[in-house]
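Data first, discussion second: the structure below is written as structure tokens.
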Amino acid sequence: VELTGEEKAAVLALWDKVDEDKVGGEALGRLLVVYPWTQRFFDSFGDLSTAAAVMGNPKVKAHGKKVLHSFGDGVHHLDDLKVTFAQLSELHCDKLHVDPENFRLLGNVLVVVLAQQFGKAFTPELQAAYQKVVAGVANALAHKYH
């Protein structure tokens, strides 16, 4: 990811304030509500029939937490995202057959959730830096696709 030193510092400073457990469930839940076709990868999660069911689903929250912990690993390894996400890329490509476009969608949803959580502290400059980060993570996750 091409970030200036200032952008990296700002991304890391904000990330240290992120409640990964809460934000992860919120971001994944929103993805599943706004882009309902992504639900097909989560058949084992039970009731995803309404927005309220999705947002209150404990399996969605648990998986969102896991996703955001992995994203946090990426935030701390911005210069080596392909290596950081190599195993997850392989898993999502070869075993789960997830459309890599879903990584971009989730990244964009995450930026919205961060903006909601941090309000005015999530400046336009910080948003631009996070857009670069989520794009880099999405590209790293799509790396193993043929």
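Backbone N, Cα and C define each Cβ position, glycine as well.
Taken verbatim from Swiss-Prot:
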- Val1: N-acetylvaline (MOD_RES)
- 2-146: domain 'Globin' (DOMAIN)
- Lys17: N6-succinyllysine (MOD_RES)
- Ser44: phosphoserine (MOD_RES)
- Lys59: N6-succinyllysine (MOD_RES)
- His63, His92: heme b binding site (BINDING)
- Arg104: asymmetric dimethylarginine (MOD_RES)
- Thr123: phosphothreonine (MOD_RES)
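Across the domain 'Globin' (2-146), DSSP classifies residues as 116 helix, 0 strand, 29 coil.
Comparing the Cα of the residue listed as 'N-acetylvaline' with the Cα of every entry in Lys17, Ser44, Arg104, Thr123, these being the modified residues, the smallest distance points to Arg104. For Lys59 (N6-succinyllysine), the same-chain residues lying six or more positions away in sequence with a CB closer than 8 A to its CB are Phe42, Ser44, Phe45, Gly46. Distance noted between the C-alpha atoms of His63 (heme b binding site) and Thr123 (phosphothreonine) is 28 Å. Every protein chain considered, the tally of other Cβ atoms within 10 Å of the Cβ of Thr123 (phosphothreonine) stands at 13. Annotation for the recorded positions Lys17, His63, Arg104: lowest Cβ count within 10 Å of the residue's own Cβ, Lys17. Spacing of the residue listed as 'phosphothreonine' relative to Arg104 (asymmetric dimethylarginine) is 21 Å (Cα to Cα, whole number).
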